[in-house]
Amino acid sequence: MQTLTILGSTGSIGISTLDVVARHRDRFQIFALAGHTQVDKLAEQCAIHHPQFAVVADATRAAQLRELLKQQGTPTEVLHGAQALIDVASAAEVDGVMCAIVGAAGLPSALAAAQSGKTIYLANKETLVVSGSLFMETARQHGAKVLPIDSEHNAIFQVLPEQFSGSLNHHGISSIILTASGGSFLNTDLADLPNITPTQAIKHPNWSMGHKISVDSSTMMNKGLELIEAHWLFHCPPEQLEVVIHPQSIIHSMVRYADGSVLAQMGLPDMRTPIAYCLGLPERIDSGVGALDFSKIAALTFQEPDFARYPCLKLAYDAMYAGGSAPCVLNAANEVAVAAFLRGQIRFTDIARVVEHSLAKHVSGSLNSIDDLLALDKQIRVQAEQFAGSLKN
Ligand code: NAD
Ligand code: MG
């Protein structure tokens, strides 16, 4: 029996995780669920999964949740605030932590899970973008296992040699190929991109996801963040990472070997597959995802990404090559820009402008403590907000 904490349980990944968990009551029990502001949803989840603790953002929401739980007769104890996320991620009773909070807000709790030697189911890619070196080193020192939930990294994880030691060359691997859908605006006229609305940008053609990652997919910043994520997860030098657009999202990523073989992982675009793969290890367990029906797939196509359409991808490449603090700056500016776009403050094409402006102003250095990284994150957010404010139309 594995005891789990699910951080971000009310989000897209959290809901998919609980769906898989519910199919295997004999394997998993829930210690804590964390849902930030969605009190009703969290109360519902508590009634079904009986966690010992539920965590929300603040005291007001905690009082609301306590009242709902009382009405339902659910005995879950309610906690609130950032420290509570850390506490439920590192509690001695917990074996595994699903890190599915969106953005750099998920970093302190993911790091706490690493420091406590937990099995980490990592969906929150921003953690690796902001603090890749520190996070992986902390996990190593404390014997925490980091299992990739992100579909591309999960695909790579599935097709790497079983005893992968962290050296690509040692295993005869020439490169790692990340596939990308290209998002909703792959074929939109470049001239129309400035007029893309938030409603259009949060509709992904293949995947059903949270708003932030859906916008990131349409700018391909998501693939940029994933390049940096793959760099840290698989010790992959930047020049051995490839990106290819594959609009059908059937191949979730590939590994290219020295002998000419390319191994791919395929499946329907449903996050329950990577979640079940990691939760079930070393066994394969039911995820609820249907079988891939090849007679219904008309074609699998591939094309190169174009930086004129996806300037955010280029910016992410630049930040990855620059290393040090640049990816932290990239992430903070992007989070601010996406939020400003979703509020209707800036245009779709301004997202890249905000990120570019922040990166151009920043002198990259190496930051080795979480406090330094969080301080930089905060400082960049202030600057990026100001710049986004100046773009307001
Ligand atoms: P979402 O917006 O649907 O859910 C986010 C969750 O985080 C919610 O439970 C929300 O309550 C919580 N949250 C938000 N802000 C918080 C804060 N400041 N403190 C604590 N909790 C907070 O997002 P999602 O699509 O589920 O994505 C979650 C993470 O997983 C992201 O990092 C995303 O990049 C990654 N991911 C998602 C998918 C997907 O298919 N959705 C795929 C790969 C990776
Ligand atoms: Mg992904």
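Glycine residues also receive a Cβ, built from the backbone N, Cα and C atoms like all the rest.
Listed features, source TrEMBL:
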DOMAIN    4-132  domain '1-deoxy-D-xylulose 5-phosphate reductoisomerase N-terminal'
BINDING   THR10, GLY11, SER12, ILE13, ASN124, GLU126, GLY210  NADPH binding site
BINDING   LYS125, SER151, GLU152, SER181, HIS204, SER217, ASN222, LYS223, GLU226  1-deoxy-D-xylulose 5-phosphate binding site
DOMAIN    146-234  domain '1-deoxy-D-xylulose 5-phosphate reductoisomerase C-terminal'
BINDING   ASP150, GLU152, GLU226  Mn(2+) binding site
DOMAIN    266-381  domain 'DXP reductoisomerase C-terminal'
Additional residues surrounding 1-deoxy-D-xylulose 5-phosphate, by Cβ distance to the LYS125, SER151, GLU152, SER181, HIS204, SER217, ASN222, LYS223, GLU226 centre under 8 Å: ASP150, ALA180, TRP207, ILE213, ASP216
Distance from GLU226 (1-deoxy-D-xylulose 5-phosphate binding site) back to GLU126 (NADPH binding site), taken between C-alpha atoms, in Å: 9
Of SER12, LYS125, GLY210, ASN222, binding-site residues neighbouring ligand 1, Cβ under 6 A: SER12, LYS125, GLY210
Secondary structure content of the domain '1-deoxy-D-xylulose 5-phosphate reductoisomerase N-terminal' (4-132), with strand meaning DSSP E or B: 65 helix, 29 strand, 35 coil
ASP150 (Mn(2+) binding site) versus SER12 (NADPH binding site) - Cα distance in angstrom: 12
Among LYS125, HIS204, the most crowded of the binding-site residues [Cβ within 10 Å]: LYS125
Which same-chain residues, if any, lie at least 6 apart from THR10 (NADPH binding site) yet have Cβ under 8 Å of it: GLY35, HIS36, GLN38, LYS41, LEU42, GLN45
Where the C-beta lies under 6 angstroms from ligand 2, the matching binding-site residues among SER12, ILE13, ASN124, ASP150, GLU152, HIS204: ASP150, GLU152
ASP150 (Mn(2+) binding site) and LYS125 (1-deoxy-D-xylulose 5-phosphate binding site), distance between Cα atoms, whole Å: 8
Largest tally of Cβ atoms lying within 10 Å of a Cβ, found at which of the binding-site residues GLU126, ASP150, GLU152, GLU226: GLU126
